[in-house]
Structure formats: structure tokens, C-alpha cells
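In what follows, a single structure is set out as C-alpha cells and then discussed.
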Amino acid sequence: MATSGSFGFLKYFILCLILPQFNVEGKQNLINLNEDNWRDMLEGEWMVEFFAPWCPACKSLQPVWSDFSNTSNMLKIKVGQVDVTTSPGLSGRFMVTALPTIYHVIKGEFRQYKGGRDKEALISFIKDKKWTSIEPIPSWQSPSSFLRSVASYFFKLSTVLRSVHNYLLEEYGLPAWGSYLVIALATIIVGIFLGLILVCVIDCIIPPKSHTGKAKTTSKGEEEMDETDDIIDDNAESKQDGHKDSDEKNSGEEDDGASSAQDDNAGEKNVNVRKRKARKAM
């Protein structure tokens, strides 16, 4: 009896030592991702769940997801999860609009998983490579793209503004319109300040042109204008001289013609006078 009792106690002691090791291993297989280490999923193959503690569907999926993470070594993948309440930037980066949302990631390619929410379906999705039938998200919409990075900052900003709004309502007892007014004024002031900084940075990178350079260019332009005006004046004077010469020639020709006509008329008159005198003599 004593032997069987000691053997039972030893068995219980061994089980107490072994079972926590399995629990710890299961917890280690499930990797918690946040805004600091999310880029780890860009290497290798991952299955990532986005959840929130207050989400009922997420709570029902949590045991299945934990069991699925225990098969990660067998499937040669990594299983992670993201709490969107503590990492709002990632929810904006991955455009999470429903919870829970599951993504399959391999070599930087992102595909949204829309299959069954049981362990067997998840294992079959990886083991049978069913993800190959799903088109990956385009590169310009990828969570690692510039547009999604901007979206993540907007999500962070919205979270900060919501926290400020709640703080003003709870701590200072401001009405909702008063809180919105304070946030609007703060946004305008910050925008003006950032605009001034941007102008200063642009002036440093691209300095304005000096006034001396402008004066030189204007003086050169004025000299060129003067030269062109002189040329135009010379051409005009030469044209006027040419017109004068032609006018003088024409007037000289007209004078010569008039004098010759007068001489002809005088000669005819003399002839007529002589004829008249001869008739009288007859």
C-alpha cells in the first residue's frame, strides 16, 4: 500500500512538472505582434489574427487559434495575433473592417483568409496550400506600401483624438461641442505651425534667387531692347531717305516734262505768228 501510494504521488509530481511545459510551449508558439515587430511577418510564412478583447466572435475563436498555433512547428509556419485596441496603427495598415480578421503572409505577399474558423480548416489551408488560389493584395495596397503607412498614421491620430475627447469630457466636464471646439482650434494651430516649418525647410532646400541676378538679367534685356530699337530706327531712316530720293527724282522728271511742253507751245505760237504775217503781206 505504501509503495502504491508513493508511486501515485511520484506520478502526480511528474505530471505537474510536464503539463506546465506544454502550456508554456503553446504560449510561445502564439506570437503577439504590435507596431514595433509587425515587420517580422515579412519573412517566412505566417497566419495572423486581428482581434479585440471585447469582440464576442474573437473570444470564441481564441481557443481554436491557440490550438492551431501549437501545430505551427509541424506546418513550418508562424502563428501570430494583433490586438487592435493596443495597435490601432496596424488595423489601419491592414484595413481591418471586421473582427476577427485573418491574414496569410508568405514572403511579403498578403492574402486575406476567408475560410472556416475551425482547426482542421486552418490546417488544411496551409497543408494543402489552398492559399495559392487566392490573389494576393496588390503591391500599392500592401500593408508595407506608402499609402498604407499614411493610413496607419491617420488611425493613430484618430485614436489620440478620441482619447483627448474622452479626457476632456470626463476630467474637465466639457460638453461635447466644447471638446470638439478645443480639438478644432488645436488642429488649426498645429497646422499653421507645421506649414511654417514646411516653408522654412523648402527655403533651406531651394533658396530663392538673388536680386542682383535679376538686375543683371533686366539690364541685359534692356540693352538688347535698345539695340533692337536702334536697328529699327536706322531701317526707318534709310526707308525715309529712299522715299525722299524717289520723290525728288519724280519731281525732277515732272519739271523737265513741263518745261519741254512749254517750249513746244512757244514754238507753235511763233510758227503761227509768221504765217499770219505772210498772209498780210499777200
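Each Cβ is built from the backbone N, Cα and C atoms, and glycine gets one as well.
TrEMBL does not curate its annotations; it predicts them automatically.
Computed from a predicted structure; not experimentally measured.
TrEMBL has this to say about the protein:
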SIGNAL    1-26  signal peptide
DOMAIN    13-131  domain 'Thioredoxin'
TRANSMEM  180-206  transmembrane segment
REGION    211-282  region 'Disordered'
COMPBIAS  223-235  compositional bias 'Acidic residues'
COMPBIAS  236-252  compositional bias 'Basic and acidic residues'
COMPBIAS  272-282  compositional bias 'Basic residues'
The domain 'Thioredoxin' (13-131), counted residue by residue under DSSP: helix, strand, coil: 57 helix, 28 strand, 34 coil
Averaged pLDDT score, the domain 'Thioredoxin' (13-131): 87
